[in-house]
Structure formats: C-alpha cells, structure tokens
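Asker: One structure follows; several queries about it will come next.
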Amino acid sequence: MTVATVVAPSAPLTGGRDRMSAIRCVGIGVGLWLVQRLAVVLTLLIGGGRLPDDLMRWDGQWYARVATNGYHLPTATGGGSHPWFSDLAFFPGLPAAARLLHLCGLSGTWATLIAGWAGFVLAAAVVTLVGRQVGGPRVGILLVLLWGVAPRAVVESLGYSEGWFIAAVGTGLLMGLRGHWGRAGLAVCVAGLFRPAVVPAVVLLGLVWVASWPVLGRGVPASQRRHRLLGAVLAPCGIVAYMALVAFRTGAWDGYFLIQRGWGSTLGWSNQVFRTAARMWPASPYNWAYFGLVAASVVLYVLLLVAMFRTRQSLLLCGYVALILLLTVFSQGYFHSKARFMLPAFPAFLPVAQRLERMPRWITVLALLVLTGLSTWWSISVLTGRYSP
C-alpha cells in the first residue's frame, strides 16, 4: 500500500434518490441535535437564567463588540494591562455575519447570538454528512448526537465562532473524502476567517499533496496531483489574509502573535502544560468538576484517536484529529478551554457511532439519553460558573 492510497477518495454519493436520502438524514440528525440544545437552554431558564445574557458571556461579548463597533488597535482595553491586548485576537468571520443582522435592526448581542446559532446548525448538518459519507445515514445521525454531548458541547448553544468554523472545516473534510481537493482547500480557506485553529487542516492538506508526489504516490494521476496542490495552496489563504491585515493595522509583521501573547495564549512544550496543570490542581475553582473533567476530556480524545486507528478509519480523518490534539496539547494558557479546542475533532467519535449502530436500538437510545443528561448538567455548571468554557 502506498501513502497515496490511504487518502484515496471514498465512493461519491450521487443521484436524486441519494440526495433526498441525504436531506432526510440531515433533517433527522439536526432535529435531534436541536433537542439536545433545547434541553440546555430550557434547563438554564428553569434555573433562573436569562436570554441572551447568559449565552453571551466571555468570548460572545467580544464578538458582539466587534460586530457593532469594529476592531480597535492594541490598548489596555477590557481590563487588560498588556500593551498588545486587543480585540484583533478575534477572527472576523462571526462578527461580519453578526454585523449583517445588526444592520437589520437587531441588537449587537442578539445579532451575535443568532449568527452563532446559525453557524452551529450548519455545523451539525456537515457533521451528519461526514458521518453518512463514512458509515451511512445511521452513523451520520449518531455522530452528530455524540458531537452534541462532547466535552464542552455547551459552546454549541453560545454566540461563539466554533459553529461556522466547524461547518467550513468539516466541509473541507467531506470534500476530501470525496476526492474534491480544490473544494476542500477553498472550504478550509473560509474556515481560516473564523478561527486560528484552522492550522491543523491547512497542514493536513499540505500533507495530502506531499503524499501524491511521484516518489510516494505512484498511483496518483497527474490531474489529481494538481488538484491536491490547488487545495494545499488555497487552504492557508484565509488565515494568512487576516494575519496580514492585523500586521498592517498594528505595523508589526508578527502583530497577531504579539496580540495572542497579550491574551496569554502561546505555543510551548507539552511538559509546560502538565506543569501548569499540576499547579492548578489544588487551586479553586480547578476542582474535579471543572479542571479534572477538562483533563479527562483530553485523555478521552487520545483514546478515541487510538480507536480510530484500530477501526481503520480514513487516514485523512485520523490525521486531522491527531493534528488538532497536538495543537491543543502544545497550546499554553487557558487550560480550562482545552476541551473546547477539541470540539472541531468530531471525527473522533466515529468509532463510537459505528459501535452504537450495531447495538440494539434500546441500548443506543438509553446511552444517548444518559450522555445528554450528563452533558446538560456539565453545560449548566459552566454557564452558571465564573470561568469561560
């Protein structure tokens, strides 16, 4: 087996009947996923929560400010004391979508929340389609429901940019599975306008192109190599364009990285992460329900990645999850957000979805109900706490 064969496209699904089947699958998957989201929101409201305020804390507030007032150059804003502290740390995709709704008369808060919700609905549809592409309609539906109870799935109810990002990068994975590498690169390019976490997908498409080099992928036609090159070239354009804009606005070629440092977010060795974790362990509020569960979530994704390899999932999807895991482990700062950083790694749940598909239906339903209950409990714990997800 050559390197090229492991990223060969799966058989494309075509035809009018199949299109209707896909629409039906997405409708069921997204509908059930919305029930999970509704469970979180209703539980919050029953407990005395308020809309939209309780779903627009933390990053959501920053996105709303950018949507209504635009970006600001690095200053000591928002209580920050670092000279490079700036809202330019937040990518423009979600604020741009929220701005359109704001111009229609909605408040900045509601506009950002609704724009975030729209992105997550689209992401749920894409997650379903990826699962369907790999294992059929039932796997697609189960995959989106497992993603809906993933660690930090509470974010899927907030005005955050992850929804649009996952929708775009998931579309890139779907196009890659179908062998449309140019379209995959374009989708990843769009994802780069929403979050810097697009880097693993950019690297992945670069590796896919490298795998098609004659010395590694002798069975890859020249036309396929050109398409993979196109995808690899397009993929980084979104994130590079925004970083270039930040460099222009700040007058520093590395302006974006300086701003990230101002927010306390950098890259480093994984042992630094573990040392930080050890320091935080005995400190409040990093108890088992907060810090401990985040640490367990990272371990969970490691085990899921092992399961992906053991069940011979597409190397494209395995590589994507592995690269996200590496970026998360080597990211410094915001340890309590590491479970959220893994949320785009939805293909990691494919082995579980495929196992649940083979089980009796009552066991599958019971498992999903229990997981939804636990996820709702953790979500409310985060929403009523002081610290961001």
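Cβ from N, Cα, C; glycine included.
What TrEMBL records for this protein is below:
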TRANSMEM  21-47  transmembrane segment
TRANSMEM  109-130  transmembrane segment
TRANSMEM  136-155  transmembrane segment
TRANSMEM  193-217  transmembrane segment
TRANSMEM  229-248  transmembrane segment
TRANSMEM  288-308  transmembrane segment
TRANSMEM  315-335  transmembrane segment
TRANSMEM  362-383  transmembrane segment
Asker: With the transmembrane segment (362-383) as the reference, find which of 193-217, 288-308, 315-335 contributes the most Cβ pairs under 8 Å.
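Answerer: Result: 288-308.
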Asker: Near the transmembrane segment (288-308), which same-chain residues lie under 8 Å Cβ to Cβ, leaving out any that are not at least 6 residues past its ends?
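Answerer: Those are 151-152, 277, 280-281, 317-318, 321-322, 325, 328-329, 335-336, 338-339, 342, 345, 347-352, 378, 381, 385, 387, in sequence order.
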Asker: Which listed range (21-47, 136-155, 193-217, 229-248, 315-335) shows the maximal number of Cβ pairs under 8 Å with respect to the transmembrane segment (109-130)?
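Answerer: Top-ranked stretch among 21-47, 136-155, 193-217, 229-248, 315-335: 21-47.
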Asker: So, taking each listed stretch (21-47, 229-248, 315-335) in turn and counting its Cβ pairs to the transmembrane segment (193-217) that are under 8 angstroms, which one gives the highest count?
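Answerer: Answer is 229-248, with the largest number of Cβ pairs below 8 Å.
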